[in-house]
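Colleague: Pasting a structure here, questions to come.
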Amino acid sequence: MLKHKTFINRISHSIKHYLSFHVSIANLKKISFFISLFSCLTSGSIMLFSLFSSSLHELYGINYLHINFIASLSAIGMYLCLPVLGYLADCYGPSLLSLISIWFFVPSYFVNSQVIKSLEYNNVMKIHLYAFGICFFFIGLATSSLYFSSLLTCAKIYPEHKGLAISLPVTCYGLSTLLGSQLMKLSYFKQYNGFLNLHKVFNFFGVLYLVMGILNFVSSSVVSMESEIIFTNEDEMEEADEESPLMTSRSRHSHHSCEDDDNLIPERSIIEPLKHQERFINFLKDKSAWLLLASLILNIGPMESFQNNLGSIIINSNSESNLSDQVSIMAASSTVTRLAMGGLSDYLSSSKRKFPICRVNLLIINLAIGIVGQFMVTRSTRFSIVSILNGSSYGGLFTIYPTIVASIWGIDMMGSTWGSFMIAPAIGSIGFSIFYGNEVDNKCGVDYSSCLQHYFNLTAVGLSVSLILIIIVWKGIWAKRGYRVF
């Protein structure tokens, strides 16, 4: 890995040397920030899987159990690898993740396009399913690499505005689904029967991510090399209390002492976090982190499954809604919520307010919306309302959770900490997606009227348990440590 770091630093130094003659530090920050946002805006192709799955089922006869097997492998690649990716980003810089995204995005999409070209209806062999599964695993890995590289770049450029610095890339990532679903409506990507021409779609994404990967590498490598200048200017040092993680700033003003708390106190760092391995181990020993992980599994799993199986859900809930329209509605509501929650979390929790409100309250509201959204899937006559509720909850969760993690354990550790939490969507998505596929294949061939009611009753219960766990962590652990508002 040292060779990788030397290679990346060499290229980064060349980029920095060239740009230093043309761009000021202030503009360098802005350029890197906007390139990272644009990368997020194009990185959500994996979130269009519900559009891909409809074509795979209708055009090639792949059943929903196999489709959910492929979706589960993409979730494993997307989320289960994030702890390692986050740790690498903290130690070697986010530019390494940009290279990883190029290595896996481009060949995977091109291989998928060739596999699709060789398929015929009801003539799909196991080798084809394995090829799809492996490629979507790597596409998931590449998605996380590109997105996480952009997210960390944004968060580390403007650490004094955690909510917005995190919510803007998260919002752009959500918006990428909306833009992608509209892009897939173009006649170029359609076949004569109205379904997607996956050969053209996969080739398009292969070329797109080659370009975006290179741009993102330039952006993130510049940030890696300029970190010392960017993060140590006088204005930021004056606001160190606001920028520092809770367990640093609060410890200066609190008189309570606890051995467990002391082990968790993060330290401010410039490029590579001080005592990173030791602090990461202490984070893994924190019981509140494990309870927070369990809550994330129980709420994000149903949301991921809902998004991956949206086409099947519309059909089996007797709705006449258009799939592309519902994907757009869900993406739009998710995008608006991500942006709103980022700004609200910064404003409501600000220490400058007379009565600051903890970010956890926003998380509780998001979970309540998600519970209603899951419960209404088989009971509402207007599916657009269901898409809005579930999209809003999904977007809010992916904004508030990382903001809370950055506030509690520190932005300089965010790659490792938030990356570790990303095993939750992998576990949750796999479990709930396989469960959904089994329910549909076994029950919905007989009775379409209520075949999904049992499944969505259980997902609503899962989100309710998640809400209870959040309250326990906040009131039962963090509040006792003195962290009531953050």
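Here the Cβ of each residue, glycine as well, is placed from N, Cα and C on the backbone.
Not my notes, these are from Swiss-Prot:
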- 31-51: transmembrane segment (TRANSMEM)
- 69-89: transmembrane segment (TRANSMEM)
- 91-111: transmembrane segment (TRANSMEM)
- 132-152: transmembrane segment (TRANSMEM)
- 164-184: transmembrane segment (TRANSMEM)
- 204-224: transmembrane segment (TRANSMEM)
- 236-260: region 'Disordered' (REGION)
- 280-300: transmembrane segment (TRANSMEM)
- Asn322: N-linked glycosylation site (CARBOHYD)
- 327-348: transmembrane segment (TRANSMEM)
- 357-377: transmembrane segment (TRANSMEM)
- Asn390: N-linked glycosylation site (CARBOHYD)
- 395-415: transmembrane segment (TRANSMEM)
- 417-437: transmembrane segment (TRANSMEM)
- Asn457: N-linked glycosylation site (CARBOHYD)
- 458-478: transmembrane segment (TRANSMEM)
Colleague: State the count of C-beta atoms found within 10 angstroms of the C-beta of Asn457 (N-linked glycosylation site), not counting that atom itself.
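Modeller: A count of 14.
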Colleague: Counting only pairs at least 6 apart in sequence, do the transmembrane segment (31-51) and the transmembrane segment (395-415) share 3+ Cβ pairs under 8 Å?
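Modeller: Between the transmembrane segment (395-415) and the transmembrane segment (31-51), which are separate recorded stretches, there is no contact, as judged by 3 or more close Cβ pairs.
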Colleague: Would you count the other CB atoms within 10 A of the CB of Asn322 (N-linked glycosylation site), including those on all shown protein chains?
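Modeller: Excluding its own Cβ, the number within 10 Å is 12.
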Colleague: Using DSSP and three states only, what is Asn322 (N-linked glycosylation site)?
Modeller: coil
Colleague: Just to confirm: which same-chain residues, 6+ apart in sequence, have a Cβ under 8 Å from the Cβ of Asn390 (N-linked glycosylation site)?
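Modeller: Non-local contacts for Asn390 (N-linked glycosylation site): Met303, Phe306, Gln307, Met330, Gly370, Gly373, Gln374, Val377.
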Colleague: For the transmembrane segment (204-224), which recorded stretch in the set 69-89, 91-111, 357-377, 395-415 gives the largest number of Cβ pairs separated by under 8 Å?
Modeller: 91-111
Colleague: Which sequence positions outside the transmembrane segment (69-89), separated from its termini by at least 6 residues, show Cβ-Cβ distances below 8 Å to it?
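Modeller: Counting only partners 6 or more residues beyond its ends, the transmembrane segment (69-89) has Cβ contacts under 8 Å with 1, 46, 49, 53, 96-97, 100, 129, 132-134, 136-145, 148-149, 152, 280, 304, 308-309, 414-420, 422-426, 429-430, 433-434, 437.
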Colleague: Would you kindly give the Cα-Cα distance separating Asn457 (N-linked glycosylation site) and Asn322 (N-linked glycosylation site), rounded to the nearest Å?
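Modeller: Pair distance, Cα basis, whole Å: 24 Å.
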Colleague: Establish whether the number of Cβ pairs under 8 Å between the transmembrane segment (280-300) and the transmembrane segment (91-111) reaches at least three, counting only pairs separated by 6 or more residues.
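Modeller: Counting Cβ pairs under 8 Å (6 or more apart in sequence), the transmembrane segment (280-300) does not reach the transmembrane segment (91-111), since there are fewer than 3.
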